[in-house]
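Colleague: Below is the structure I would like to discuss, written out as structure tokens.
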Amino acid sequence: MADVKISEIAQELGYTSKEIIEKANEMGLEDIKSPNKKVSSEIAEAIYQYVQSGEILDVVKKIAKPKKESTAKKTTKKDEVKKEEKKTTTKKESKNPAKAVSEKKDEVKKEEKQPENPIKNEILEEKKEEIKLDEKLGSNLNLAKRRGLVIVKKKKEESNETQINNEEKISTQATQGLSLSMIFSNSDESLKRKKKEKKNHPVASKKENTTKMDLLGDKDFADISLEDDDMVVLPDFSIKENKPAQPTNKKQPNILKQSLNNSINPFGEGGIQRRSRKKPPKKVEKKESEAITSVSIPKEIRVYEFAEKLGKNTGEIISKLFMLGMMTTKNDFLDEDAIEILAAEFGVEINIIDEADEFDYVKDYDENQTEENLSQRAPVITIMGHVDHGKTSLLDYIRKSRIASGEAGGITQHVGAYMVEKNGRKITFIDTPGHEAFTAMRARGASITDIVIIVVAADDGVKPQTKEAINHAKAANVPIIIAINKMDKENANPDMVKTQLAEMEIMPVEWGGSHEFVPVSAKKGDGVEDLLEIVLLQADILELKANPKAHAKASIIESSVQKGRGPVATIIVQNGTLRVGNTVVAGEAYGKVRAMSDDQGKALKEIGPGECGVIIGLSEVADAGETLIAVDSDKQAREYANKRHEYNRQKELSKSTKVSIDELGAKIKEGNLKALPVILKADVQGSLEAIKASLEKLKNDEIKVNIIHSGVGGITQSDIELASASENSIVLGFNIRPTGEIKERAKDKGVEIKTYNVIYNLLDDVKALLGGMMSPIISEEQLGQAEIRQVINVPKLGQIAGCMVTEGTINRGAKIRLIRDGVVVFEGNVSSLKRFKDDVREVAKGYECGVGIEGCNDMRVGDYIESYKEVEEQVSL
């Protein structure tokens, strides 16, 4: 019998593949993990029978016997644990009645003792009444109790009730955690010791002028010792209440001074005013002297702001940083590490607050969301892989379009989003570039996707960008499907691809792994239908849901400026529904959605969850990767955008200029760097980011690229003016063309404009420009060597060396090096070269000649002359 797929069994039974896999696992068939797993007809029959009736056939029992035994053991262990728990609960219950009986016995004893001392009964009733009053009066009565303790220290009389309260305090300190019955039993024992009977006294009022008694005079309190040390330990909160009365005592001597001044000096009022002027500085000193133990500061804080928060002098902070090896000014920003070090130095606890939370509209949106009205949404699929492995060609076949043929150089250079329908269900595809310069785009694609398809060429195998794409997908914790493309080629080797990916922990299902490997041919269309079926099955397992009735939340995957339309953004809606007329905010950009269209240019009225589209109406070009949120009003959107803009502007303007002492030398050296000023313009935001990142990497110890301005859109007159103001600057355009007027303007100003549509060509040209600006490498080429055998002194000419050429040739005009005993004595140029009486251009090996060296009059017999020339080599990055 033929094998049957799990997905086919699910279709017959009317269940999802995920539910059938769970049922199979319950039966003990734990090797079934994928909807595409094929099983024999007998096991398929057994699964069918188990789903319908819950019976497990003998065929399955034979396979799953050992696993069932292990489960049985687990259940028995659980039963034993439950029995033990029941035993412990019964023991606890049996212990509780014993306590209750003992408490009852204590109560019976108390009742028997009560008729013996009727006075004790009255005192106990008084104590009960006092406890009730304590509960009613609360903190006021507590204050009265504390006053009682202070009065005892001063040996003043107190009421009998305060004495009882003191007894209660001492007893509670000794017997904390005891029950009321234990406390009353202790009070009975203390009453037995007393010889004198006490009379009933009224309850003490809260006022201070109540009846007082001498506690020390009573012999019954001889055991109680109230020392000064004990009094210090007990807090007296009543002192805090009397604090406002203290300033009146301080002012009294000032009034006496005023009266004295008035009597002595008729101008006493002036003196009083002068004294009042001297007072404020003293108050300030007191405030400054107060130590700050904890403070909350923002993430972005300057040195002087930090000093103000800590109540320190700015110079003190700067000197402390200097001692730690950091040179700063008062306007420099402090990073988190520096803040922590300073906090430890000054002994202050610091709580760092992120100011960005004030305008974090995404956080506000997520907090207000509830799991209501959830429905299934379209899956978002990202196609990733190495350059030229056929990602766009595969998407072309799926969409029945020809995108790849229209792309410059046959490579994708921006992110695109497309919608496809399969079996009546929508699927959103994101196509990402494979070139190494577009790392940020691939990371952005992986972060907003549900499933990643990694395309690998069967004839080429795993490449660096393939590995990078897999790492991005793993970092985003997204399911991975491998599409082995170019299976129509003769040298296709899918097994090689599988082994290479297995080394990266991407194991195919056939080898016991969890990743689907689908062989496809984007050219002929083989295997594409299977790929789409697997994508939909994977989406069913993920159970992707969203609330279409909520405010829209979307991710901007690409943005640009289009003539006649303004800022345009390609988005994928993640939750809610975006409609025409909605007010939105995305980073520093905001506005009303004026129009929407799909990937083929058809107008749309709304975009649902998981769907993609292009929107028009933002105030400016939003950053790619930014989150777009629909808000209630234009005012709210403008407020969010303006706060973000101001925050980013302050951050940009106040970039820290601090440098460590070790880096100071490197900074001074950097001032001597040559720089190529560049104005960069591109068609979309993503391409602009990629080119900027690539250009910034083109640098060494001598030269670098300085991007003085960059932006999305065409080249404008202001760009030409800026380029003309900067020396040796050029304008680079990517996928854009300047108008005739701009070309004329650039020609008049002497500005060079270069435009490209392939990123390789742009980077190669910039490398060549940088190489031309770099200092050439000068190398020496050895020409020949001669031995001096005779030195002739010629009047007015100086010394002439009679030489024998031992190696190579000696040339006129070449550089000469005079060597004596292996040491260079002199370097210069050949002034004259003669053979006999004739001037010659060069003398070859084995011939004699006369050589004159410019400015050298110290030649000796036995010295050697070395002839060489300097060669310049152009440097390239």
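Yeah, the Cβs are placed from backbone N, Cα and C, and that goes for glycine too.
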Colleague: Which of these ranges is annotated region 'G3' in Swiss-Prot: 399-402, 431-434, 599-602?
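Modeller: Checking Swiss-Prot against the ranges 399-402, 431-434, 599-602, the region 'G3' one is 431-434.
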Colleague: Of the ranges 369-376, 385-392, 649-656, 737-744, which one does Swiss-Prot flag as region 'G1'?
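Modeller: When 369-376, 385-392, 649-656, 737-744 are checked in Swiss-Prot, region 'G1' belongs to 385-392.
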Colleague: Match it up for me: which of 410-414, 525-529, 805-809 does Swiss-Prot list as region 'G2'?
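Modeller: Checking Swiss-Prot against the ranges 410-414, 525-529, 805-809, the region 'G2' one is 410-414.
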Colleague: In terms of Cβ proximity under 8 Å, which residues at least six beyond the ends of the region 'G4' (485-488) contact it?
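Modeller: Hits for the region 'G4' (485-488): 389-390, 393-394, 455-460, 494, 519-524, 526-527.
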Colleague: Under DSSP, is Thr432 (GTP binding site) helix, strand or coil?
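Modeller: SS state of Thr432 (GTP binding site) = coil.
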Colleague: What's the number of neighbouring CB atoms sitting within 10 A of the CB on Asp388 (GTP binding site)?
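Modeller: Result for Asp388 (GTP binding site): 16 other Cβ atoms within 10 Å.
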Colleague: Is Lys391 (GTP binding site) helix, strand or coil when read with DSSP?
Modeller: helix
Colleague: Over the span of the domain 'tr-type G' (376-543), how high is the average pLDDT in this prediction?
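Modeller: Across the residues of the domain 'tr-type G' (376-543) the model's pLDDT averages 79 on the 0 to 100 scale.
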Colleague: Tell me, how many other CB atoms lie within 10 A of the CB of Met487 (GTP binding site), whichever protein chain they belong to?
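Modeller: For Met487 (GTP binding site), the 10 Å Cβ neighbour count is 21.
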Colleague: Taking the Cβ of Lys391 (GTP binding site) as centre, how many other Cβ atoms lie within 10 Å?
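Modeller: Taking every protein chain into account, the count is 27.
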Colleague: With DSSP as the yardstick, break the region 'G4' (485-488) down into helix, strand and coil residue counts.
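Modeller: DSSP composition of the region 'G4' (485-488): 0 helix, 1 strand, 3 coil.
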